[in-house]
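Enquirer: So TrEMBL lists the following for this protein:
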DOMAIN    41-170  domain 'Endonuclease/exonuclease/phosphatase'
ACT_SITE  47  active site
BINDING   78, 80, 166, 167  Mg(2+) binding site
ACT_SITE  78  active site, proton donor/acceptor
SITE      80  site 'Transition state stabilizer'
SITE      142  site 'Important for catalytic activity'
ACT_SITE  167  active site, proton acceptor
SITE      167  site 'Interaction with DNA substrate'
């Protein structure tokens, strides 16, 4: 069978900024690098081969890709093998699987945890089941692995029955605002005052705050609250602006790569467009310094 392929859907209204994405292993592996809440995270979506020999090399390749990133890591998908043949498989078996050791090595070396098993130590549950010749078999081959440093950020990880497939649903929810942060001192970015949209938003904040009774009765307390509102709005605006700039930067980089390809291919290529794109990119980069 040649059926394979993985995908990842991201809510367009979320604060997730997709940096880049790539597919490997004939579509069995999808890697997405994202930034959310100022944290860099690499997500791998996997559909491991059914053949144990192929699966062994698949996990070895996956480990090499994980080792190349310094980001927090989340891996989700169909691993097509179990980690515990007694808890994760029915009926329990001791059948040999040469891919199990590479997967365990991957988890140990890259400091990854099977988060559902971590939260359900001795629970027996499965994500795939089928009946062949009136004989039922089941296994927990679908799972999330994540960096040990993310464990405390997990609010839940559950398995739900899905009647329209032989695989059930496994969900994972993280609260990324729990990332440890330094105490630090917030310093206002004066360059924001040159942004008309920012000035309009802050003006609206001030007008809204002036409607509060504290403005007349307790000005000092009102002023402290106003400073907090301006700080919150400034940080929010800056993050939104940075996301837009990163998106524009990625688009320009892709256009520049395409223009360089055309410059190599066509001897009569006009370098004006390439120069304009590079100038535009340099302008964005210089503003960030």
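Note that Cβ sites are derived from N, Cα and C of the backbone, with glycine treated the same way.
Keep in mind that TrEMBL annotations are predicted by a computer and have not been checked by a curator.
Predicted, not measured: the structure shown is a model, and the values here were computed from it.
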Enquirer: With DSSP as the reference, give the number of residues of the domain 'Endonuclease/exonuclease/phosphatase' (41-170) in helix, strand and coil.
Expert: 37 helix, 45 strand, 48 coil
Enquirer: In the structure shown, which of the recorded positions 78, 142, 166 has the fewest other Cβ atoms within 10 Å?
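Expert: It is 166 that, of the recorded positions 78, 142, 166, has the fewest other Cβ atoms within 10 Å.
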Enquirer: Kindly state the mean pLDDT of the domain 'Endonuclease/exonuclease/phosphatase' (41-170) in the predicted structure.
Expert: 92
Enquirer: Validating a neighbour-count step here. Other CB atoms within 10 A of the CB of residue 80 (Mg(2+) binding site): how many?
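Expert: I get 22 for this one.
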Enquirer: Sequence gap of 6 or more, Cβ distance under 8 Å: name the residues on the same chain that satisfy this around residue 167 (Mg(2+) binding site), in order along the sequence.
Expert: 78, 127, 128, 142
Enquirer: Where the residue listed as 'active site' and residue 80 (Mg(2+) binding site) are concerned, what is their Cα separation in Å, rounded?
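Expert: Pair distance, Cα basis, whole Å: 8 Å.
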Enquirer: When a 10 Å sphere is centred on the Cβ of residue 47 (active site), how many other Cβ atoms does it contain?
Expert: 20
Enquirer: Using the recorded Mg(2+) site (78, 80, 166, 167) as reference, state which further residues of the same chain have their Cβ within 8 Å of the centre of those residues' Cβ atoms, listed in sequence order.
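Expert: My list of surrounding residues reads 127, 128, 141, 142.
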